[in-house]
Amino acid sequence: MPKLYSLFFLFFNLFSIIHASEIVCPSGFQLINQNKCLKLFSTNLKHLEAELTCTSYGGTLVNINNAIDNRAVSNLAASTSATSIWIGTFCFSSRDISTCYNDNGSGNLTYTNFAAGYPNVGEGYGGCVSMQTSGPTAGKWISAPCEVAGMPFVCEVPATVADPTCTHNYNGYCYTPSHEMPGSSPSASFFDAEKICFNGGSKMVSIHSKREIDYIREIYKDSEVTNQITLGAFSYDSDVFNWVDSSRWNFDYFDPLDMSFGDCLGMDLSEEPNSGMWTRVNCSTSNYFLCKRKITSTVPTKEAENLQGIPPNPDPFDFSHCNTTLYLAPGQITSLGYPISKPPAAYCTWKLATVGAYRLGIYFTDISVAKSVYIYDEYGNLLADPSGNLSPFKVLAPTNIMTITHDGSSGDHGFSATFLSY
């Protein structure tokens with residue numbers, strides 16, 4: 001390990017300890033109520049375009065958890081001439097707030113301020129939610145057509161802690177990509193990378209949310225790194241991975257179609273719309289890597305748990321989730337009775353979804369069916385109708401909802417598929 005690099009990190013760590021006490025927001029974001037970092041965008045964008053803007057910062061559209069937040073967002077938005085803004089709420093049913101979810105994956109809404117008659121996902125509206133920003137209904141929420149209406153929006157990212165030495169400061173952690181480290185080779189084996197991060201007062205990166213993946217992707221945007229980085233995960237026993245920084249394994253983003261081998265993990269940084277997925281890699285392979293250092297415990301960094309908005313399965317031996325009315329990513333579905341040779345004849349429908357901040361992809365890991373599996377987007381447009389004995393493949397929906405149907409009466413092998421946000 002070059003001495004220059006060790007001295008560089010020693011200086012930075014000492015300097016950051018002195019200054020790491022002030023709660024701050026990333027550049028361009030405003031600290032609201034001492035716990036939210038918000039940024040108002042006055043450009044009129046459709047819902048998906050607005051969400052993609054927010055995820056590029058490692059955030060989502062603003063999540064409103066109480067009346068104080070609602071008033072603050074309404075006041076912030078009042079500085080524009082717009083009559084409404086997008087907010088980070090998505091509903092799957094009309095007039096039923098139990099089917100409304102926050103964009104950040106924290107679950108069902110604990111606070112709402114819908115105008116009378118809303119949410120209303122039918123009649124040309126859709127599941128997206130906007131806030132009125134002027135007139136007597138200012139601060140009230142209404143349903144709006146996701147991909148028809150364009151309006152301003154407010155993004156939210158996690159608050160962090162001031163650290164003048166840190167270039168990539170997010171959610172209380174400092175991230176240092178290997179290609180930005182002075183006096184060190186930008187690529188190394190897993191074991192050498194672990195030593196480099198450790199000698200610099202950091203650990204190889206662990207990842208705990210989709211938002212963190214989005215932030216890391218943005219770190220490498222327009223950089224020399226366009227393929228993959230090695231993560232700080234190692235498999236000590238068979239298929240069980242652990243983070244080397246000893247943090248809890250409460251999130252994963254494995255590529256369901258990955259057939260590679262190795263005891264380490266790499267993160268895809270390609271230009272694919274669903275990039276960020278993890279695949280197995282050989283630990284001896286020299287690769288770019290990312291170090292992560294906790295700045296302070298001042299800012300809470302608890303990430304939302306994964307959601308699965310599905311009622312309890314009445315049959316513990318049926319893993320198909322056949323005729324599920326709403327199943328939130330991440331999850332897995334199979335044809336009824338899979339993989340027995342003569343499954344019961346059944347016509348199954350699955351409504352799959354993710355929160356409004358993301359789109360939905362389904363990854364078929366095994367499929368051998370005589371009758372087609374029909375895959376539709378949320379508007380009923382056919383995306384794919386695979387049949388036969390096929391190699392693993394994926395289908396990416398243009399929005400956060402897809403519907404799948406299959407007639408299993410032919411008694412064939414069936415299919416198994418995993419669905420994830422992207």
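Using the three backbone atoms N, Cα and C, a Cβ is placed for every residue, glycine included.
Keep in mind that TrEMBL annotations are predicted by a computer and have not been checked by a curator.
Database features, via TrEMBL:
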SIGNAL    1-20  signal peptide
DOMAIN    33-147  domain 'C-type lectin'
DOMAIN    170-292  domain 'C-type lectin'
DOMAIN    322-422  domain 'CUB'
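Computed over the domain 'CUB' (322-422), the whole-number mean pLDDT of the model equals 94. According to DSSP, the domain 'C-type lectin' (33-147) comprises 26 helix, 34 strand, 55 coil. Counting residues per DSSP class in helix, strand and coil order gives 0 helix, 56 strand, 45 coil for the domain 'CUB' (322-422).
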